[in-house]
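S.K.: Next up is a structure, given as structure tokens.
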Amino acid sequence: MSTKGRLYLDGVSVVFDGFRALNNLSLVVEPGEMRAVIGPNGAGKTTMMDVITGKTRPTSGTVRFGDHDLTRMDEADIANLGIGRKFQKPTVFDALTVFENLELALKAPRGPFACLRWILTGEAKARIDQVMEETGLTARAGDLAAILSHGQRQWLEIGMLLMQDPQLLLVDEPVAGMTDQETEHTAALLRRIAGERSVVVVEHDLEFVRALGRKVTVLHEGTMLSEGPIDQVQNDPRVIEVYLGR
Amino acid sequence: MSATIATPTPSRLRLGLRAATIAVILLLALMPVLNRLPADHALHISDFVVSITGKWICYAILALAIDLAWGYAGLLSLGHGAFFALGGYAIGMHLMRLIGPRGVYGHPVLPDFMVFLGYTDLPIFWWGFQSFPYALFMALFVPGVLAGVVGFLAFRSRITGVYFSIITQAMTYALMLAFFRNDMGFGGNNGFTDFKELLGMPLNAGGTRAALFYASLATLVGTYFLCAWITRSKLGRVLIAVRDAESRVRFLGYSVTQAKLFVFVLSAMISGLAGALYVPQVGIINPGEFSPGNSIEAVIWVAVGGRGTLIGAALGAFSVNAMKTWLTTIAPDLWLFALGGLFVAVTLLLPKGLLGLLRGRRS
């Protein structure tokens, strides 16, 4: 079986000063699959993302994307491999315009000298215009990201991910703090992005996860508690215990 | 959704600023000419004013270099004076070699201080400095290599913010202590002086001074265009992104280490060039140039002028130094208090500096 574009975590543990943020976690996401990851606060969801994107080194275990060993690569190399990440708190570059933010994210040579020589071609501009259209930011092209609303910042960040054209997308709580209307718009955006990409969505909002209608992984205390369709997971007595208490 | 928030347009102010900059450069270019007028002529400018302006032009180049690193990439170096001094030492070594047998001891090769300290041979690291192109090359190369090594170690280990500033401060302090030592072979605390000529022209001649003045002015303008080209390229936007959200830039696939290293090394080389232009004009270089206070003062010029603006950095270098010259004449004891007060006042009241004041809300 081909391992191309497949995310594979096996026996991953992360220990911070004796605290086990991840405890022998194993997870496989097949190419093109969309996976929701849920779990109470402190379950290790964000740490899992940190491990996959190279921000945190696992204490032990295997993390592979296709044939690449992610535990030996830094953030920039992993990003260039085709793994994009959307943060819980939208992080865009406030001092740059919407257009410039997207231009930075566009797939292109990343070295300092290449950036110095970079000239915006018609093709690149068309691609940026297209993403601004998709995210509904066309009218804000020349505005500094600093003056965007919370929802628009989220969409700009999603737009930046689209520009990167990743094979695997990690999305951390995309709808936290959004209005219902914005949530709807975001869900639609994510579904469109998904296409042939693998997507891992971390979310608190069970309704949103239900709306996605995909396989769900429940994390608890750094390890996998349950996995399957949302209805099966929601009826799992262990999940009920964790979420509702005894 | 309100999409009607006005986008900042190039205001009349900005065009005015551009015109003012060109006017200032033309006026500066006129200074050596006006210096040639008879002393009783109404437009005559004294030697003192021309030579001090030549110094300030070198400071303005240093300020541009600091602004490139600090204002755009967020690298607050408190040791840029070291790169400036190293460039000055490189050209100083050339000037010392040119003295030849005209020194006090009349040794054909060895500079006076070496004869005095009992050297019999020229140390290896002095070889080649009789050549001007080599000395000029070293004035760029040595600061560049030092910045490359310090930067690589710091950036690779993700040392940022105040920790990076402290390391650069320690770097210049360590160099100062080293250069104070006689056995380093750089003239100890006396440094180098008594220079005679450069490129066959006597240093004390009016024509040579004018030539150095124009060389500095041309370098300032050239450096400005180089920095403007970089900051307006995509690399400039990457640097701003690194300054504001470093880890996010990594997740976009850019090597933050490479971007920082590029700008830090280039900035150090520009500083070295500024030092190389400075030393022939002031006629002396000694380890005092490495003192941490010098580097901090240079950072204050940039803060006062407005960081991340380039023009503001140069403006800050001129205005703070003009103030220094004026204040150290009328009340020398007050200068350091005034400098400290200025820094506090600018930080609290004018975070974007003088240029921010002119430009209003933009950038």
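Every residue gets a Cβ built from N, Cα and C, even glycine.
Quick caveat, the model's predicted, so the values are computed rather than measured.
As annotated in TrEMBL:
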| type | residues | note |
| --- | --- | --- |
| TRANSMEM | B:15-34 | transmembrane segment |
| TRANSMEM | B:46-66 | transmembrane segment |
| TRANSMEM | B:72-92 | transmembrane segment |
| TRANSMEM | B:104-128 | transmembrane segment |
| TRANSMEM | B:134-155 | transmembrane segment |
| TRANSMEM | B:162-180 | transmembrane segment |
| TRANSMEM | B:211-230 | transmembrane segment |
| TRANSMEM | B:251-278 | transmembrane segment |
| TRANSMEM | B:298-322 | transmembrane segment |
| TRANSMEM | B:334-358 | transmembrane segment |
S.K.: Residues of the same chain, at least six outside the transmembrane segment (B:72-92), with any C-beta under 8 angstroms of its C-beta?
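M.R.: Long-range Cβ neighbours of the transmembrane segment (B:72-92): 62, 65-66, 129, 135-136, 138-140, 142-143, 146-147, 160-162, 164-172, 175, 179, 186, 191-192, 195, 231, 236, 239-240, 242-244, 246, 259-260, 263-264, 267-269, 271-276, 278-280, 285, 287, 289-292, 294-296, 298-299, 308.
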S.K.: Which range wins on Cβ pairs under 8 Å with the transmembrane segment (B:298-322): B:104-128, B:134-155, B:211-230, B:251-278?
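M.R.: Per the Cβ under 8 Å count, B:211-230.
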S.K.: Do at least three CB pairs under 8 A connect the transmembrane segment (B:211-230) and the transmembrane segment (B:15-34), leaving out pairs fewer than 6 apart in sequence?
M.R.: yes
S.K.: Short question: which residues 6 or more past the ends of the transmembrane segment (B:46-66) have a Cβ under 8 Å from it?
M.R.: 28, 31-32, 35, 77, 80, 83-84, 206, 209-210, 212-213, 216-217, 219-220, 223-224, 227, 267-268, 270-271, 273-275, 277-278, 281-282, 298-299, 301-302, 305, 310, 313-314, 316-318, 321-322, 325
S.K.: Could you check whether the transmembrane segment (B:162-180) and the transmembrane segment (B:134-155) come into contact, where contact means at least 3 Cβ pairs under 8 Å with the two residues of each pair 6 or more apart in sequence?
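M.R.: These two stretches do touch.
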